[in-house]
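Structure record follows, encoded as structure tokens.
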Amino acid sequence: MPALSTGPAVGFEQVGKRYGDAPPAVDDVSLTIAAGSFVALVGTSGSGKSTLLKTINRLVIPDAGRVMLDDKDVAAGPAPALRRSIGYVFQDVGLFPHLTVAENVALPLKLAGAPDHTRALAMLDLVELPHVLATRMPAELSGGQRQRVGVARALVTRPGLLLMDEPFGALDPVTRESLAGAVRRLHDELRLTTIMVTHDMAEALLLATRVLVMAAGRVVSDATPAALLAGEGGDVAQALVAVPRDQARRLAALAG
Amino acid sequence: MSDALARVPALAAQHLLLAMAALALALLVGAPVAIRAARAPRLAAVVLGAASLVQTIPSLALLALFYPVLLWIGHGVPALGFLPALLALTLYALLPIVRNLVTGLRGLDPAVREAAAGIGMTRAQTLRLVELPLVLPIAMAGVRTAAVWTIGAATLSTTVGQPSLGDLIFAGLQTQAWTLVIAGCGGAATLALAVDALLGWAERAAGQRRWRRVGTALGLLAAATLAASAPLWASGRDRTIVIGAKNFSEQYILARLIGAQLERAGYRVSYRDGLGSAVAFGAVAGGEIDVYVDYAGTIWGAELHRTDTPPRAVQVRAIADWARRTHGVTLLGTLGFENAYAFAMRGADARARGIATLQDLVPAAPNLRFGADLEFLDRPEWAAIQRAYPLRFAAATPYSPTFMYRALASGRADVISAFSSDGRIAAERLTILADPRRAIPGYDAILLLSPAHRDDAKFAAALRPLIGRIPVEAMREANYRVDRDGDKQSPEAAARWLARRIGL
């Protein structure tokens, strides 16, 4: 495999999105995500984190502002071409039930006009799935296996940017832990820029290099995991950090 | 009957071709509409509403309605035969195809669509690679329903002059030849089951992703349809003469008599049986049929819209002149007998009530039940009779001709609108009521030729021996051979008998 380039930097410039008369889902967000970073977007339901993520691959079109990949506006050029250059994983996985595992993984290559079965199998190795699964249908897989296939499909075209929307939300804790580890490893090996939406602060703290906390459409905290654990980042962020910290303390007390 | 049963394969082929063409057209039209509609709920409501509305129209009426529409379009668009049948059946097949496709597309998991967009599929790719494969099973179920409906409804295409297995059913019902009815129904049912089985096979194979097997099943269906169309392109140049017949025994017999006469003169002939009375003249004027027998009074009322009743010879001359002038149709001559509407009663009953004329019937009518043929109550002749004789029956019920005689015999009806050339009048000792006010026009049987044979001396010469040749007694006897309950003959056999009887 040729050397992989580092993923792009992502810039939000005064991005806003409003649905009807409701309060804005995303309200005037401006920030830059450095190339190669692993950013977690954390917040409660309805905080606007998913909406903000989807403005990057244009599944959501902002009403105001623009989103940049390096120095290119994502709105320039056709949306399908943009999305083919970005890996996207979401909670419902969205594997195509009428295609085998291998066909699902290879589909983005087919769309790009370069079908490559060998590459699809190599992707299964990458997400630590045995080759015997290649000919299975998605319905025959476990939830964790399905999500791994989803990650393989997202990365098959060698994108520099990986977007994940609650990728581990529907998984049991053990599966979740092992898959999170795999994603972090892939992020490092492939030198990706990764943005992950999650409502689980513990997951964000353990995986990400930078944690953005959203509330009511705004970014209310922007800090490293270490800073958050040191009590920085403001009240909203600290309230979220308090939950896993409290749980850890109680577990330790039980053991002691 | 065996000569009639020999027609099953050819009619089944025509039947299959028509039904599959309608199904293909419905798919071609319905699929894009359904795909648009699945994305636009408003459009879906309109489309599904319209398709459901079509279903509420009886298929027989739907077929018949295309005749005036196509006639109105004109410009050489054929108003009879394949085209109206195809259009009506296509409309019929649309509902299950569109409804299932819309339902299927709407029921897809949104996550699948988001995934398709997320990996950079265009709308067309999403449709082709994801949506259509996923709705295939439910869409195929709709296609199978449509196929079975279409094959069933195609039996009705006989009435607009498109040959189908319905020819056997209509002819059989008319002449009470039940083997024909069973052959027609059985043939249509077999076709429907076979097509459904093939489509079902393709559907299951698609579910198991066995594409070669899908291809085999659909290929077989396509090959069968193609084979069914073979006679059409084989006989392209050597044009056959098409002889029309309305849907009663006398018409079938006369059509065969004309056919035999033409074959002797070296023509190849085919028959277009079971034409509705209203479309027959249009068919000869439009050239869909080459020749048929009609009745002076029918044309007089329905086409010339005349209500007066001149002497028969004057009436026939006026029709001949009108037909040539306005439609280029040639009235070659009269066959020599009349098939007039004639009110008939059971002989004993008429004597007991002292009824001999329509005038006598007026005071008795409120206590009597009237049985008419299917179209009589809507015909101008009935209006003319009512103007001359204020008849108010206790009840008036339309029957198909055979059942009308049965109704009279069984006492379910007391008076019927019989036909003067009907063999059953003498055989069942019926009394024909006189028409002292001459309200009913003349009904001479007349031979009408399409515009293509306007100056066709050879064609006219082949048919001229029939002119003035058939006395009403001979026609009654021939009709009775087909219509009687026991020892029935086929129209072909009765036509052979008639030819010998009149010395042809």
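Yeah, the Cβs are placed from backbone N, Cα and C, and that goes for glycine too.
Annotated domain 'ABC transmembrane type-1' per TrEMBL: B:12-199, in sequence order.
Here TrEMBL flags B:12-31 (among others) as transmembrane segment.
Note on the transmembrane segment (B:43-67): residues 33-34, 36-37, 79-80, 83-85, 87-88, 91-92, 94-95, 98-99, 102, 106, 153, 156-157, 159-160, 276, 278-279, 282 of its chain, located 6 or more positions outside it, place their CB under 8 angstroms from a CB of the stretch. What TrEMBL records for B:43-67 (among others) is transmembrane segment.
Taken from TrEMBL, the feature transmembrane segment applies to B:79-98 (among others). Listed as Cβ neighbours of the transmembrane segment (B:79-98) (distance under 8 Å, sequence separation of 6 or more from its ends, same chain) are residues 18-19, 21-23, 25-27, 29-31, 33-34, 37, 47-48, 51-52, 54-55, 59, 62-63, 65-68, 70-71, 139, 142-143, 145-147, 149-150, 153-154, 157, 160-162, 164, 272, 275, 279, 282-283, 286, 288.
Sequence-distant contacts of the transmembrane segment (B:134-157) (same chain, at least 6 residues past either end, Cβ-Cβ under 8 Å): 15-16, 18-19, 22-23, 26-27, 59-60, 63, 85, 88-89, 92-101, 103-105, 107-108, 112, 163-166, 169, 184-185, 188, 191-192, 195-196, 199-200, 202-203, 206-207. What TrEMBL lists as transmembrane segment is B:134-157 (among others).
Counting same-chain residues at least six beyond the ends of the transmembrane segment (B:177-202), those with a Cβ under 8 angstroms from any Cβ of the stretch are 1, 4-5, 8, 11-12, 15-16, 19-20, 140, 143-144, 147-148, 151-152, 154-155, 165-169, 171, 213-214, 217-218, 220-221, 488, 490. As annotated by TrEMBL, transmembrane segment applies to B:177-202 (among others).
Per TrEMBL, transmembrane segment is recorded for B:214-234 (among others).
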